[in-house]
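Visitor: Here it is, the structure in full.
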Amino acid sequence: MRKVMLAEKAGFCFGVKRAVDMALLTQKEYNKKIYTLGELIHNNDVVDKLKDNNVYPIGIEDIDNLKENDVILIRSHGISEEIYKILLSKGLTVINATCPFVTKIQEKVKKYNELGYDIVIVGDKYHPEVIGINGWCDNKAIISKQGENLENITSESKVCIVSQTTEKLENWEKVLKEVKNRAIEVISFNTICNATSERQKIAKDLSNKVDFMVVIGGKQSSNTTKLYEICKSNCNETIHVENSGEIPENILKNKNCVIGVTAGASTPDWIIEEAISKMSENQISNETNNEMADAMKFIAENEGKIYVGASVTGEIIQVSEKEVFLNINYKRDGVIPKSEIDDDGKDLKELFTVGDKIVAKIIKLKDADNYVVLSVKELQREQGYKEIKEAFENKTTLNVVVKEDVKGGIIASYKGIRIFIPASHVELFHVDNLKEYIGKSFDVAIIEYSTKKRQTKIVASRRALLSKEKEKVEETVWNKLEEGQVVEGEVKRLTDFGAFVEIEGVDGLLHVSEISWGRVEKPADVLKIGDKIKVYVLSVDKENKKLSLSVKKLTENPWNNVEEKYPVGSVVLGKVIRFADFGAFVKLEPGVDGLVHISEISHKRIAKPSDALNVGEEIKAKILEVSSEEKKIGLSIREVEE
């Protein structure tokens, strides 16, 4: 039984399809004969179909015969800079259908040629694409197919190397290796089109599995010829045909074989389908997908659906470093620049895959390269405004990312929409450095959403959410706090009258008098912000949200049994800790101080305590009196002096 297997990625590539669509569109717009500089693509059947639609190829020698305002279309292979300037100087209407990937190569060689680099092009020197590229570097490029013509490159050469988009990868690697062996400074751009390399790999794999391999495409088509060479190296029974009429009888009569089919980038679907149908012994249906008819049908059916602001669904047909190209079922393909997709610098080839469907918003009907310009960001923004308004009306939250700090607050982003957050709404406390929040994401509540003179003002608050969260936490903590509990807290603030200690989000006051049994002048003398300390809960006032704490309650009152510890008449050692006009205070133990009256300091008459004593001095004194109720101990230094 005969089996026909069609390779994936066979047929029209992105650049070729774009050129054909542009030719048909241009003819429709101008409604007169349109000229293409050279055959638009290397496929005789397509060229004939274009002629049927009043699109005719001419040679460079025919340019002088054109009249002002005649319309000429540059084919997908591109042309030299010199010829491009000639077309413009003649007053012609020039439509540039150069494949965008070829245009980028032209830009690269022009740039590096002007920077003094030797340009090397890997490819066929007679191919129109290579001729055109060479024309953008003053026709000075070294053209090498398999490593030849590189004799003038030396170790002192600065080289920029690019490739014909349809070149075989093995040729690129061979020439690149040779260039790097000769020159030290080499800038290389592998400009082989992804579609080309994928098509070649798939064709190579398929040719290993079949009895016959049929490669369909124009005999002048470079990429088709390379497909033939690749397949022929694996399958000896490989043939190159332009259409179904060239398929030989030995294949058609073989009833028991597997036939592989691939096609060059210039081969439309309807030619491929004719060939498959013939080899499969099926009649061609009247509903055969005709590439030309489809293109014209899309022009008619979708004209009214494409306008700035409309949302469209497209199928990804190509992904480059800077753009994503879509088939949007319209006379022009769509393009999404990277700037309209993502701000985070991600690789587009990691985000998108050829064949995926994507929805985007139209922001321009036609750019310089004749694409419909689309934006994912604008679609997200449109949806974002709806979600922000709903969040404002329903009092729900949104997660935003902080982008920059501005006067009076910060700017956050939600789906590309700027949202202002006042500085006073960032935290529950004052923030000195708002730059610390750049790049951070958090939930916010929308507190203002208004539109005036076509401008939308959006203000959000994080503090409102933090306040609600704090209230919930505090409510739980207040319900479990009781007098007499011992809990752990963190010192958050210090004042002259005490320290504020946070316990699971609730602030309590540790009064200066409750820090120690001894005298504390200032809380900062014994505590610092951030200290983790255990505290005793003195009182809990849930209604007024007041919490009183104590540290000294965690230790025994040193005045208990003081009469037994310090009997009257005993002599003790102590340290002078401070002076008063009437005497000196002496520390006997933590929390217990005694007073030496000025009259009990010395046998000599002194005007003030500091005349005889120094703060920090160790002294010996006699206990004159003790009162635990009044917390007083009277001392005398004079009575122990000899």
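First residue shown is number 1, and so on along the chain.
For all residues, glycine too, the Cβ spot is worked out from N, Cα and C.
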Visitor: From the candidates CYS137, CYS160, CYS193, give the one listed by Swiss-Prot for the same [4Fe-4S] cluster site as CYS13, CYS99.
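Guide: [4Fe-4S] cluster site check in Swiss-Prot: besides CYS13, CYS99, the record includes CYS193 out of CYS137, CYS160, CYS193.
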Visitor: Determine the Cβ neighbour count for SER221 (dimethylallyl diphosphate binding site): the number of other Cβ atoms within 10 Å of its Cβ.
Guide: 26
Visitor: Any idea what the Cα distance is from SER266 (dimethylallyl diphosphate binding site) over to GLU129 (active site, proton donor), rounded to a whole Å?
Guide: 14
Visitor: Could you put numbers on the helix, strand and coil content of the domain 'S1 motif 3' (569-638), residue by residue per DSSP?
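Guide: Summed by class, the stretch gives 7 helix, 38 strand, 25 coil.
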Visitor: By a 10 A CB contact count over all chains shown, which of the binding-site residues listed here is most packed: SER222, ASN223, SER266?
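Guide: The residue with the most neighbouring Cβ atoms within 10 Å is SER266.
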Visitor: Considering each pair of residues in HIS42, HIS77, HIS127, SER221, SER222, ASN223, SER266, all listed as binding dimethylallyl diphosphate, report the largest CA to CA distance in Å, no decimals.
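Guide: The dimethylallyl diphosphate-binding residues span at most 15 Å between Cα atoms.
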Visitor: So around the dimethylallyl diphosphate site, HIS42, HIS77, HIS127, SER221, SER222, ASN223, SER266 aside, which residues have their CB within 8 A of the centroid of those CB atoms?
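Guide: Checked against the 8 Å cutoff, the neighbours are ILE41, PRO128, GLU129, THR166, GLY218, GLN220, THR224, THR225, GLY264, ALA265.
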Visitor: Might you list, by sequence position, any residue in that chain lying six or more from GLU129 (active site, proton donor) with a Cβ less than 8 Å away from its Cβ?
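Guide: The list for GLU129 (active site, proton donor) reads HIS77, GLY78, VAL102, GLY123, GLN164, THR165, THR166, SER222, given in order along the sequence.
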Visitor: Take the domain 'S1 motif 2' (484-552) and count its residues per DSSP category (helix H/G/I, strand E/B, coil), listing them in that order.
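Guide: Tallied per class, the domain 'S1 motif 2' (484-552) gives 7 helix, 36 strand, 26 coil.
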